[in-house]
Amino acid sequence: MHKYRTHNCNELQISDVETEVKLSGWVHRRRDHGNLVFIDLRDHYGITQIVFTDQNPQLMEDASRLRYESVITVRGTVVARSEDTINNTLPTGHVEVLAVEFSVESAADTLPFVINTEKDAPEESRLKHRFLDLRREKLHNNIILRSQIISHIRHLMTASGFTEFQTPILTASSPEGARDFLVPSRMHPGKFYALPQAPQQFKQLLMVSGFDRYFQIAPCFRDEDARADRSPGEFYQLDVEMSFVTQEDVFSTIEPVMYDLFTKFTDKKVSETPFVCIPYNESMLKYGSDKPDLRNPIIIADVTEIFRDSDFTIFRENIKKGSIVRAIPAPKAAALPRSFFDKMIEFAISEGAGGLGYIQFSETGEAKGPVVKFLSPQQLESLKATASISNGDAVFFASDKKEKAAKLAGKVRIRLGEELDLLEKDCFKFCWITDFPFYELNEETGKIDFSHNPFSMPQGGIDALEQAKTTEELLELTAYQYDIVCNGIELSSGAIRNHKPEIMYKAFSIAGYSEEEVDKRFGGMIRAFKFGAPPHGGIAPGIDRIVMLLAEATNIREIIAFPLNQQAEDLLMNAPSYVEDKALKELSIMLSPSARKNAEKE
């Protein structure tokens, strides 16, 4: 018989009755019934009930003193449970093991929080004792699910003709839109490596190297603040790149992967392929967001022209100054109490708006509300037609400069979806957002900057760049760039790449970069493009967000084994931490006075 176990704790069935077995695991629960002691023994696979009887008083007494989460090995005989004690919620619920002997492999101290329930514990304690937290069923299952998803992704990609690569972790700093994690070089004092924000340049270089289809479950590092769906330091993505492809080729390659994943690991309804494509400008108009939740049926409408000649002075004057008006329908909300409308106004104010106008259309078609008196009957009918308003509905209005009005309308749409319980249940709604602006205005400098990935191919190529003379014309340029969105969560960005040096130099010059600066920052890739680069494109769906959706987790830390907290700290390993002066000296690093003072405190 094996030293520790003959079976796992999820394995024993009624067919194993009278079999002598040995099990090892953690003490999950203990119940003392006087002449009987029951222990639920848990391992990675499941739970088996162990019973100690007064036929062996010493063994039963020893079992009654076992602390929760102690690791034990038990030898005994499988017996059938009586009819009234069968537990159909457990795979092993028809049997139990009558213990003959047990040994304690490792005794547990007093627990900082309860393991055998899903009752919330303080997150700081959970992260500090993550090894305990990971024993809890929900989190344990999430990590198993993550492994299964990644394994299946590898299978799908390999079956589709992709080759898996590993790219460098120590690389050069590049502008990916977030701060780098820098690593000082001992051999080159004063110089730094950067942890890759993404393997962007390397995967493109692999295409130039003659490989056709690349993928990697890639670790990415960005020094950015935490969010519910974003880890503050490290995350993983399914990094993909393909040669000789169009945007549509990328879509038709990734859609089956997403569909297969979401149908395999959930019973919910999944959007059929091909996924709907929504141009960026249309998405901002209809949904007030570039990551729309299509479970929400509300469609925003532009009603600027209706208010342009209305008697509503505030909107009319705003329109003269370049503002717009967006209408956000609220289905079947006309009869709701005044408190609902006040609540929506308070929400808009909390989002930085001056307020939120609205109209209620009764079941008989009568219009009421603070805006009604400023509109003619014809304008009210035009409003209903333009915004698809029916009798019994209400409609809210957002007025501001185009970008601000769109974003406010989008937030109101989301809030209405929640308040009115409009979201379609038990489904995953996918869509592509396409035709992103190539450039944007930098809010701090007021100058032209790349809106997303600087390596994207502008639609129209170099001709489009050369023909755009004014700022307005430059801001109208679009890129072969796309996002895949599911239930309002951006799962990935991707693009057809700019593989021609002359187009890259021109695109960067418009954003204020000289050829020398481009060569300095992206020399390796530019040099490669001068030796025959294939047209190529790619995408990089976020592994963490995919797992988060499939696990129905509300926080990304619930699907990562050892996450950082919101302050980018690892409470288990005490990172980041100060290092000895000797190590700093070897790296030619000197702490600032304030950093030195903090180090001395510790």
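Even glycines carry a Cβ here, placed using N, Cα and C.
Marked as L-aspartate binding site by Swiss-Prot: Glu176, Arg222, His452, Arg497. According to Swiss-Prot, the ATP binding site annotation covers Arg222, Asp223, Glu224, Glu490, Gly542, Ile543, Asp544, Arg545, on the basis of sequence analysis. Taken from Swiss-Prot, the feature region 'Aspartate' applies to 200-203, supported by sequence analysis. As annotated by Swiss-Prot, site 'Important for tRNA non-discrimination' applies to His33, with the evidence given as sequence analysis.
Looking only at the binding-site residues Arg222, His452, Arg497, the one with its C-alpha closest to Ile543 (ATP binding site) is Arg222. Note on the region 'Aspartate' (200-203): DSSP counts are 4 helix, 0 strand, 0 coil. Separation of the C-alpha atoms of Asp223 (ATP binding site) and Arg497 (L-aspartate binding site): 25 Å, rounded to the nearest whole number. The Cβ of Arg545 (ATP binding site) has Asp229, Ile489, Glu490, Leu491, Ile556 as same-chain neighbours under 8 Å, each 6 or more residues away in sequence. If you compare every pair of Cα atoms in Arg222, Asp223, Glu224, Glu490, Gly542, Ile543, Asp544, Arg545, the residues listed for ATP, the longest distance is 19 angstrom. Considering only the recorded positions His33, His452, Arg497, Glu224 (ATP binding site) has His452 as its nearest partner by CA-CA distance.
Of the candidate recorded positions, His33, Arg222, His452, Arg497, the one lying closest to Gly542 (ATP binding site) when CA atoms are compared is Arg222. For the pair His452 (L-aspartate binding site) and Asp544 (ATP binding site), the C-alpha distance works out to 21 angstrom. Distance from the CA of Arg497 (L-aspartate binding site) to the CA of His33 (site 'Important for tRNA non-discrimination') is 70 Å. When Cβ atoms from all protein chains are considered, those within 10 Å of Arg497 (L-aspartate binding site) total 26, not counting its own. Using a 10 Å radius centred on the Cβ of His452 (L-aspartate binding site) and all shown protein chains, the other Cβ atoms total 17.
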